[in-house]
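Notes follow the structure.
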Amino acid sequence: MQKILDTLYQGKNINQKQSEALLHSIIKEKLSAIQIASALISMKIRGETFEEIIGAVNILLTHAKPFPRPNSLFADITGTGGDNSNTINISTTSAIVAATCGAKIIKHGNRSISSLTGSMDLLKQHCLILNSPQQARKNFDELGICFLYAPQYYTVLHRIMPIRKQLKIPTLFNIVGPLINPSKPPLTLIGVYKKELLSPIIRILQLLKYNHAIVVHCGGIDEVGLHSPTHIAELHNSIINNYILTASDFGLDSYPIEILRCYSRKQAREYMINILKGRGKPAHSAVIAANVALLLKLFGYTDLRANAQLALEKIHYGIPYTLLSSLSETKIQNHATHNTR
């Protein structure tokens, strides 16, 4: 293991097998916090490679807590985080809206590490991140959506969280997070914090045999955006295509990114709730509609403009907030039942 660490410290790449060995040592608690931090920083400085990423993904997937995988078609929508944009939480809000549009969603996420707020920071306030795998699956069967809190399925992620929080930078674990959903979805929409990650991530999704996957980056954020062209890498039937989308492709207006900024977790939550209730700012609702539109493409709905309008219609009537309330009520009811046993 020291040889692998020395290679990293010298600014050199490690191969897939070495990456697997490194992750295995981290999982088995054979490395100190300083060694882990040093390895992560070494990769971050020169840029994580395809082999380093796939090696980490392979090992982590073999150590996931089992999840009762549905037989039906379902998707994840997630991002690497780490873009330091401090925008509203787009992927979580989009997941809820997409579910009201008929998409089946199993969203995998984490607490904030290097960003202002993570998907699970928002959902924690609605008691939605501590579901057992069985309860999460029940929510999926009944409501068409559920949320999987990454550290519940990967104990190593819980152990290294303090290290990542102290580093306050995106690392290898930001990159692999969207690739290790324990439900192993056949469809996924992934945002990456830098354009250079589009190619390695879509190639890894190809190796993992996803049916249909889209990876996006837009002007510094790991989402579909309306402030700048969105760069796309799409995998469908084992074929990869690259292209660019703009706001007009969704039938939406452009907005400056500054309108999406938020400056506290409280504000992030308020923005999300307002969007779901149909009371959000037009720019907020529009960017959610764009992300939902592309997500629906994974399910075969190829008209992005029609998809965006469907999302805006659901938002206008507050239907996504009703779904969020149903998820919260389900959690509370199950908690009460558990306590009376």
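Even glycines carry a Cβ here, placed using N, Cα and C.
Taken straight from Swiss-Prot:
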- G79, N110: anthranilate 1 binding site (BINDING)
- G79, 82-83, T87, 89-92, 107-115, S119: 5-phospho-alpha-D-ribose 1-diphosphate binding site (BINDING)
- S91, E223: Mg(2+) 1 binding site (BINDING)
- R164: anthranilate 2 binding site (BINDING)
- D222, E223: Mg(2+) 2 binding site (BINDING)
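For the binding-site residues listed here (H108, R164), the lowest count of other CB atoms within 10 A around the CB belongs to R164. Among the binding-site residues listed (G79, N110, R164), G79 has its Cα nearest to the Cα of T87 (5-phospho-alpha-D-ribose 1-diphosphate binding site).
DSSP classifies T87 (5-phospho-alpha-D-ribose 1-diphosphate binding site) as strand under the three-state reduction. The number of other CB atoms found within 10 A of the CB of S91 (5-phospho-alpha-D-ribose 1-diphosphate binding site), across every protein chain shown, is 25. Taking G79, S91, H108, N110, R164 as the binding-site residues under consideration, the smallest Cα distance to D222 (Mg(2+) 2 binding site) is found for G79. Taking the C-alpha positions, the distance from S91 (5-phospho-alpha-D-ribose 1-diphosphate binding site) to N110 (anthranilate 1 binding site) comes to 12 Å. Residue pair G79 (anthranilate 1 binding site) / R164 (anthranilate 2 binding site) shows a Cα separation of 17 Å. For the pair R164 (anthranilate 2 binding site) and N110 (anthranilate 1 binding site), the C-alpha distance works out to 12 angstrom. Residue density at G79 (anthranilate 1 binding site): 29 other Cβ atoms are found within 10 A of its Cβ, drawing on all protein chains shown. Mapped onto three states, the DSSP output places E223 (Mg(2+) 1 binding site) in coil. Reported as a whole number, the C-alpha separation between E223 (Mg(2+) 1 binding site) and H108 (5-phospho-alpha-D-ribose 1-diphosphate binding site) equals 16 Å.
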